[in-house]
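Notes to accompany the following structure.
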Amino acid sequence: MNNAPIGIFDSGVGGLTVARVIMEQLPNESVIYIGDTANSPYGPKPIAQVRELSLAIGEELVRRGCKMIVIACNTATSAALRDLRERFDVPVLGVILPAVRRAVSTTRNGKIGVIGTEGTIKSGAYQELFAASPSVEVHAQACPSFVSFVERGITSGRQILGVAQGYVEPLQAAGVDTLVLGCTHYPLLTGVIQLAMGDRVTLVSSAEETAKDVFKTLSMTDMLASEDSTPVRTFESTGDPVLFAQLAERFLGPHVTNVEKFAGM
């Protein structure tokens, strides 16, 4: 047993979609969540900069005694997963592979779409993993403005629906029946994206599959928290903690009672 916290980070509030499921499925686990809103969005940034930011946050999480790091950000996963695993002695999990597994098992016609930030799509991380399933045809589309909409609290309305329809038009033309939400911000746009794609397309998020990987890894290494432990959940932002708390309510509701200013970078 190990009652040390799980460290989770993202470029902003999007990773809370992953944190929420982890906390629901592993109710005894303590969590330290860091949202790097001061540097959001990660998508347009050079890979080297995203890697540097990710390593800095990872250093701080390890310094605080986290037993595991979850990169709850697709862009950071594609840019820095390997580097964090090489740098730190704790397990480090990303969110891309879980989404790929889920999509492959979900598709009916073998045509899968992936939407994400510019950084994630350009990295080819999803395409590389899908290549292990030769019967699958992958169509990737960058949606660069989605993260900024979410970070401003805009998750519905004609403006964002129009933007979404423009983004997904090539995916509709390709006949995809399964769409991977390749950014942890995107689940908050599920209604808009589903409306733009149509009811016949299944949307896939990595949150639940990532939580399963967390449980499996902690179980195999005997690092699950004890059943009588009282979890402590800490949420921090590199930007404005008040704004972060307001946006976080959309993801976690009453789970977020206090957001602190992160000063580790």
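Cβ atoms here come from the backbone N, Cα and C positions, even for glycine.
Database features, via Swiss-Prot:
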type: ACT_SITE; residues: C73; note: active site, proton donor/acceptor
type: ACT_SITE; residues: C183; note: active site, proton donor/acceptor
type: BINDING; residues: D10, S11, Y42, G43, N74, T75, T184, H185; note: substrate binding site
Residues satisfying Cβ distance under 8 Å from T75 (substrate binding site), sequence separation of at least 6: S11, P41, Y42, G43, K45, V50, G116, T117, G119, T120, S123, C183
Among the substrate-binding set D10, S11, Y42, G43, N74, T75, T184, H185, as the record gives it, the longest Cα-Cα distance in Å: 12
Other C-beta atoms that fall within 10 angstroms of the C-beta of C183 (active site, proton donor/acceptor): 34
Pairwise Cα distance for D10 (substrate binding site)/C73 (active site, proton donor/acceptor) [Å, integer]: 5
Cβ-centroid neighbourhood (8 Å) of the substrate site, D10, S11, Y42, G43, N74, T75, T184, H185 excluded: G12, G14, G15, S40, P41, C73, A76, T117, T120, V147, C183
Pairwise CA distance, C73 (active site, proton donor/acceptor) versus T184 (substrate binding site), rounded so that it is a whole Å: 6
Helix, strand or coil at N74 (substrate binding site) [DSSP, three-state]: helix
Residues that sit under 8 angstroms from H185 (substrate binding site) by C-beta distance, when 6+ apart in the chain: G12, V13, G14, T17, F146, V147, V150, E151
Intrachain C-beta neighbours of T184 (substrate binding site), sequence separation six or more, cut-off 8 angstroms: D10, G14, G15, L16, T17, V18, A72, C73, N74, V95, S206, A207
